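Notes follow once the structure below has been shown.
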Amino acid sequence: MNIKLPPFIELFRQLIATPSISATDISIDQSNESLINLLASWLKEIGFEIEIQPVPETLGKYNLLATLGRGPGGLLLCGHTDTVPFDEGLWTKDPFTLTERDNKLYGLGTADMKGFFAFIIDALRDIDVSKITRPLYILATADEETTMAGARYFAASTTIRPDFAIIGEPTSLHPICAHKGHLSNAIRIVGQSGHSSDPDRGINAIDLMHESIGHLIELRNTLKEHYNNPAFTIPYPTMNFGYIHGGDAVNRICAHCELHMDIRPLPGLTLQDLNGLLNEALEPMKQRWPGRLTIDELHSPIPGYECPTDHKMVDVIEKLLGRKAETVNYCTEAPFIQKVCPTLVLGPGSIEQAHQPDEFIDMSFIGPTRKIISQLIDHFCLSNN
């Protein structure tokens, strides 16, 4: 293909040099507009039609959908444009300067996962786009690291229906067919303050939280006993108590206590059912102490995800890679993209480097990643399969 694009390393360098941090702290949250425009300029050069959509209820966040070819089916290659914030005191390299050392590329987003777009664009150099028989779509989303607002909006609004989708998260090029979901809640209890010398004149919120945690532990045991999927290394839903705070003085009856907890459900356990179980577990406390206990979401919940391993598209990927699809315990945008078409998670780099100081991707992934992307495009967009 005779196109004017920077070399692979320069593509990578420009992606890393374009900050796109997403964070719940608005003082460090950044728009991804510059990165979206950068991708759009490259993809236009190749011949893609570009659609850029603002993501509702966000500050300066955009999705990009690039389309090459027309008709039904085809392939959707997906990635998120944002990164997590970086720990300034722990990085030994500039997070926004691509640094090559010891056969590794260092920088914020090298593995998770802005670099995936460089791999896609580089693979397209060898593709004769005039021979595309089914469409190739490239989706770049916003805010995966916080609310997954970009993927949620795309799934709810798009009209495209590809045959298959790949999300290029860092899986060490192992195909991922399922992962757990994530539900995070704040349990808040309002007591009644008073002097600690006379406990009966107050209601100690810490005591009530202690009872509530007992009910939650019973639910945790129930989840472990009744829900099981041996495909996962941790084959049951997990519950974690991650933060607790209550009281303001040793000689005062605690008037307020707050617990932050999360549950990671298996695929098949719906968020609606899980919320029902959570409310049912705490109902005795609500009945005993009316109006004193509330349950609030900390983040928008993410459902579990599973692409059936007997799906013909999964078989294609497994044969191309020579390995079976696996499961993981972390979350991706797959539950939302799966609403559009069958989806696998597959990309270069290791999840062990995600969200870490001196994030890197090993350069040994360059050749194999370019090869598998080319094979996927050939199978889903060029051949008569």
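Glycine too: its Cβ is placed from the backbone N, Cα and C atoms.
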| For the Zn(2+) 2 site that Swiss-Prot assigns to Asp112, Glu145, which of the candidates His311, His355 is also assigned? | His355
| message | Going by the Zn(2+) 1 site in Swiss-Prot, where His80, Asp112 are listed, which of the candidates Glu10, Glu33, Glu169 is also part of it? | response | Glu169
| said: Near His355 (Zn(2+) 2 binding site) in space, meaning Cα within 10 angstroms, which of the recorded positions do we find among His80, Asp82, Asp112, Glu144? | reply: Asp112
| note | Minimal Cβ count within 10 Å, across the recorded positions Asp112, Glu144, Glu145, points to Glu145
| request: Provide the three-state secondary structure of Asp112 (Zn(2+) 1 binding site) computed with DSSP. | output: coil
